[in-house]
Amino acid sequence: MSHAFVEVQNATKRFPGTGKHALPLTVFENISFGLNKGEFVCIIGHSGCGKSTIMNALAGLDQFSEGSMVMENKEIKGPGLERGVVFQNYSLLPWLTALENVRFGVRARWKAWSDREVTEHSMKYLKMVGLQEVVNRKPSQLSGGMRQRVSIARAFATKPKLLLLDEPFGALDALTRGVIQDELIKIWSQDQQTVFMITHDVDEAILLADRIFLMTNGPHARIAEAVEIDLPRPRQRASIIKHPHFYTIRNYLVDFLVNRSSELRSEKPSGHGMLYPTPVDPVRQSSPECATETASASPDTESHQNLVNFTPKETRHG
Amino acid sequence: MSRDATAEKLSLNVRAALLAIVLLVVGLGVWEGVNHSPLMGGNETLSEYEQLLAGADERASVPPPSEIAAKAWKELSNPFYDAGPNDKGIGIQLGYSLYRVLSGYLMAALVAIPIGFLIGMSPLAYKALNPFIQVLRPISPLAWMPLALFIIRDSEASAIFVIFICSIWPMLLNTAFGVAGVRNDWVNVARTHELTSLQTAFKVILPAAAPTILTGMRISIGIAWLVIVAAEMLVGGTGIGYYVWNEWNNLDLTSVIFSILMIGVVGMLLDMALAYIARFVTYAE
């Protein structure tokens, strides 16, 4: 059996009940998914469905109650430098300057490097996010957008194999968010890291992601579907909305969040074993003749449907 | 706009300085005047008693500022003379006191900061040690003096011990408080970067808690300087506390007031020194 780059199997998170005889609260249950190497995956769901728990578990900062996580055939246990994290609140160390914050990460990653190498490497990434002018300022002297750029530079500079972004643009205004999204795409297309990102913004997810995981509402949440985004890369904020498929995908996602995320919750998934999200391509679904074509096109996919979720387009990574 | 604001700020500072000078001059003037006006009778003929005392006041009065200024000038122009056990310059006396305060204080810092770190990091250590701290903390440092003298059998070391015991608590509690309050996000940054516990302690927790620790150190040095005067009055021999008490026994109130002023000035300088150090570790979030 082939393994994806990152495999999460049967993940469950329960919190003990608050009362004396209260039942434990199950946030999510039996979640399985895989991330392919070099893939950009966004996860969308309402608050309380456990997105952040999944992310923190992947970062090694939290634990599932049950379930396993494997990355490159090694179990994920505790935090590690091969997994970089960008937090929503930036998590910069306020007593260090922007440069020192990035250096902090780079120094931790490459302990044998000389000070000059560390500084040069850090500066390279700060330049990529357009902060070369303000590297000697402390975070308190930077705007929210600039702080998040420093945080992104720090995460990318350590070249983690898996990059975890927890709503990185959640606290930013729309204009700043757009600019940093473009920068994120730019850095990502250079380094081709695997990215797993939480977002609440449907447009942002379409712009960035190869696949979008849709979570049903908690408690007992699950990842119901994995929507394939087949819009051609490189994508640009301005031109992507003109693509004929954009609104098909967008409507599908919004419909899921508004209507189906709560409907699916009561729907008990049948069967046991690992429940991987159903792959969905909203564009093909909307034109019936294509849909039948997909179903019969690849028997290989069908036979593995309940085990491993392949993305059809792997061409970018050869 | 900004020029107006600067002008107003300047004028506020200037006005404050002027007011302070006026208060000083008025205060000193009244003090001086009260002491020079005759307490009884004035120009009237001397009573029999006064004649016996050859015209001296019936009651000794508090010396006026002019006398204290003259004393200060004399003492400060030769602060380090040493003419025997009971006649040493003010600089030497202050030096002894500072030596005791700083050695007791530094020992306290060496104990308090690591233990405070431990208590801040470990809820178990906090819960286990908290009852002891709560009982020991309110004890007046001077209450330890007899026990210290009995156990240590050395007055010099006992004074240092008293300083040690009084300056340990603010540093211990502030360190624990600062360490416990380090934002989880920052600790997570250390964890995701695979820092060892030692690296996390020195690169993340220490700088994050440093402003709170420095506040504790500043409170401690203030208390230590308050306590040293009383401790030296008890143990005697040398130091500014002993000097004050010795001059009281000599009925030399001019020296008493002069040394009171010196205690205040040195205490202020100690506080300013720590405030200056604190500036280097303070950060804005």
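Just so you know, glycine gets a Cβ as well, placed from its N, Cα and C.
According to TrEMBL, the transmembrane segment annotation covers B:12-31 (among others).
The feature domain 'ABC transmembrane type-1' is assigned by TrEMBL to B:94-278.
Feature annotation from TrEMBL assigns transmembrane segment to B:105-126 (among others). Sequence-distant contacts of the transmembrane segment (B:105-126) (same chain, six or more residues past either end, CB-CB distance under 8 Å): 160, 163-165, 167-169, 171-181, 201, 205, 209, 213, 216-217, 220-221, 224.
Look at TrEMBL and you will find B:135-152 (among others) tagged as transmembrane segment.
Annotation source TrEMBL lists transmembrane segment at B:158-182 (among others).
For the transmembrane segment (B:223-245), the list of distant contacts is 85, 88, 90, 92-94, 96-97, 100-101, 104-105, 141-142, 145, 149, 155-156, 158-159, 162-163, 166-167, 170, 255-256, 259-260, 262-263, 266-267, 270: same-chain residues at least six beyond its ends, Cβ to Cβ under 8 Å. Among the features that TrEMBL reports, transmembrane segment is placed at B:223-245 (among others).
Residues or ranges marked as transmembrane segment by TrEMBL: B:257-278 (among others). Here the transmembrane segment (B:257-278) has Cβ contacts under 8 Å with residues 62-63, 68, 71-72, 75, 90, 93-94, 97-98, 101, 211, 214-215, 217-218, 221-222, 225-226, 229, 240, 243-244, 247 of the same chain, all six or more residues outside its ends.
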